[in-house]
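As structure tokens, the structure follows; a few thoughts come after it.
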Amino acid sequence: MSHQGKKSIPHITSDRLLIRGGRIINDDQSFYADVYLEDGLIKQIGENLIVPGGVKTIEANGRMVIPGGIDVNTYLQKPSQGMTSADDFFQGTRAALAGGTTMIIDHVVPEPGSSLLTSFEKWHEAADTKSCCDYSLHVDITSWYDGVREELEVLVQDKGVNSFQVYMAYKDLYQMSDSQLYEAFTFLKGLGAVILVHAENGDLIAQEQKRILEMGITGPEGHALSRPEELEAEAVFRAIAIAGRINCPVYITKVMSKSAADIIALARKKGPLVFGEPIAASLGTDGTHYWSKNWAKAAAFVTSPPLSPDPTTPDYLTSLLACGDLQVTGSGHCPYSTAQKAVGKDNFTLIPEGVNGIEERMTVVWDKAVATGKMDENQFVAVTSTNAAKIFNLYPRKGRIAVGSDADVVIWDPDKMKTLTAKSHKSTVEYNIFEGMECHGSPLVVISQGKIVFEDGNISVSKGMGRFIPRKPFPEHLYQRVRIRSKVFGLHSVSRGMYDGPVYEVPATPKHAAPAPSAKSSPSKHQPPPIRNLHQSNFSLSGAQIDDNNPRRTGHRIVAPPGGRSNITSLG
């Protein structure tokens with residue numbers, strides 16, 4: 001349970017807590033027991049526990065005791081067009097804790113061509129000084145350049161990073177070609193990394209954006225129109241196909257449409273190691289808001305891939321999440337203020353992309369999935385915490401209520417009603433894409449590193465109390481299957497005798513130079529070949545002929561042609 005970090009926090013490790021009378025919910029079992037926490041770890045689980053004196057006791061009164069949520073898709077302090085997203089690491093992680101999430105994995109987004117290592121250190125320093133909860137970092141590969149392989153090796157071997165995101169969209173900025181994706185997947189598999197993919201067809205999006213702007217459509221609806229779900233689905237299919245040829249796991253971030261989700265579900269049935277992550281937004285709302293008459297409201301929903309304009313999509317994605325076709329829920333939390341969004345008031349392609357969700361994620365999942373009977377409480381723990389911990393090699397330190405695991409614990413009230421609104425959320429932005437939603441399920445108490453940070457609606461945190469959690473490569477949940485498949489389904493040549501028969505000699509093909517344009521024709525116009533006049537002939541009876549010296553026979557009168565006479569008027 002050791003970890004690397006820059007600082008120690010004595011006031012956290014001195015806390016001793018006893019949670020009494022709760023019902024422990026893990027991804028695979030539920031049971032009644034007490035839980036004793038000390039030194040930031042779960043020390044005992046059971047009934048009639050013997051604990052030291054002076055321990056603070058929390059009465060759960062039969063309520064659920066679950067592992068703290070893990071949000072693996074956040075963009076705090078993300079740069080965009082000279083701006084940064086509205087919530088920094090303090091504001092964002094504070095909101096996360098208020099919603100029951102006790103760990104995040106944030107995205108490092110380097111400027112294209114800049115050093116991955118330098119960018120990682122920049123993000124690490126910002127998070128280390130501000131984060132209120134434990135955190136880790138993905139590193140996004142925004143360009144495939146000379147020296148990137150060496151930096152990736154250092155990040156995996158020395159910096160505790162085991163996940164990297166590549167982009168199939170954002171043409172001329174982050175987008176990789178298929179051959180670059182193949183190279184990146186192959187190299188990252190060798191490092192034992194988790195490959196995250198932002199899946200959209202960037203080439204076609206660029207064409208659609210141009211076409212729609214030329215039509216005079218400049219508002220947020222243009223964002224959805226230029227990124228139809230077919231372009232998300234096509235890229236998902238292509239990413240899975242590339243990963244399948246290499247036998248490497250692939251994780252599709254921000255699954256937003258039915259089509260994309262269907263492709264993931266079908267692929268998993270056929271065998272590829274693919275994982276899908278819908279976000280709170282795609283589970284809790286839809287893209288009809290892009291057509292709102294209120295520009296600021298419409299712009300608040302702009303994110304990529306866009307929310308589906310089909311209002312039945314959230315329910316559909318929730319069903320696939322419940323049956324295991326999708327495995328993890330993130331938030332994609334990257335909100336910008338209305339003033340920042342207004343940079344694109346005359347051009348939808350300039351609206352900075354991102355929505356809120358870091359605080360609302362767990363409540364939205366409970367309300368849409370568990371309160372409707374689509375999934376049970378164990379599945380809820382799996383898709384909000386445990387599956388992420390297993391995929392990103394945090395398990396069982398995170399994602400489980402077990403002796404020895406980190407004391408990141410939430411007492412959850414499934415019956416508590418909560419209204420999602422910008423008036424009370426912890427994010428700094430003035431809007432909330434879930435505005436007015438009445439939801440079942442909410443945290444009563446949130447414990448991070450063994451310390452109570454949220455209770456009775458009040459949050460008590462300080463900057464920098466979160467720790468960086470390093471992650472080792474080759475997570476068993478993924479790579480155990482990769483190793484077995486390599487042995488069972490590896491490519492092998494056919495053993496056969498040497499061919500000793502004739503071999504056709506292929507003549508060397510001369511290189512033909514392009515003909516120079518003649519003076520009579522324009523070089524820009526292709527001259528068609530001359531057309532033969534079928535009524536003309538070079539045969540002539542005048543003058544000397546080649547057979548003039550041959551002896552000629554005397555003429556004979558032909559009585560009838562071969563086959564006898566014919567009469568074209570007779571059919572008999």
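For all residues, glycine too, the Cβ spot is worked out from N, Cα and C.
Copied from Swiss-Prot, the annotated features are:
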MOD_RES   SER8  phosphoserine
MOD_RES   THR101  phosphothreonine
MOD_RES   THR102  phosphothreonine
MOD_RES   TYR316  3'-nitrotyrosine
MOD_RES   TYR504  phosphotyrosine
MOD_RES   THR509  phosphothreonine
COMPBIAS  509-525  compositional bias 'Low complexity'
REGION    509-572  region 'Disordered'
MOD_RES   SER521  phosphoserine
MOD_RES   SER522  phosphoserine
COMPBIAS  534-543  compositional bias 'Polar residues'
MOD_RES   SER537  phosphoserine
MOD_RES   SER540  phosphoserine
MOD_RES   SER542  phosphoserine
By a simple count, how many Cβ atoms lie within 10 Å of the Cβ of THR102 (phosphothreonine), its own Cβ left out?
29
Among all the protein chains here, how many other CB atoms are within 10 A of the CB of THR509 (phosphothreonine)?
6
Spatial separation of THR509 (phosphothreonine) from THR102 (phosphothreonine) - C-alpha basis, Å:
67
Just to verify: the residue among TYR316, TYR504 with the fewest other Cβ atoms within 10 Å, which of the modified residues is it?
TYR504
What whole-number Å value do you get for the CA-CA distance of THR101 (phosphothreonine) and TYR316 (3'-nitrotyrosine)?
25
What does the structure give for the C-alpha distance between THR509 (phosphothreonine) and TYR316 (3'-nitrotyrosine)? Integer Å is fine.
58
Between the Cα atoms of TYR504 (phosphotyrosine) and TYR316 (3'-nitrotyrosine), find the distance and write it as a whole number of Å.
59
Kindly assign the residue listed as 'phosphotyrosine' to one of the three DSSP-derived states: helix, strand or coil.
coil
THR101 (phosphothreonine) CB neighbourhood, other CB atoms within 10 A:
29
Using DSSP with the three-state reduction, classify THR102 (phosphothreonine) as helix, strand or coil.
strand
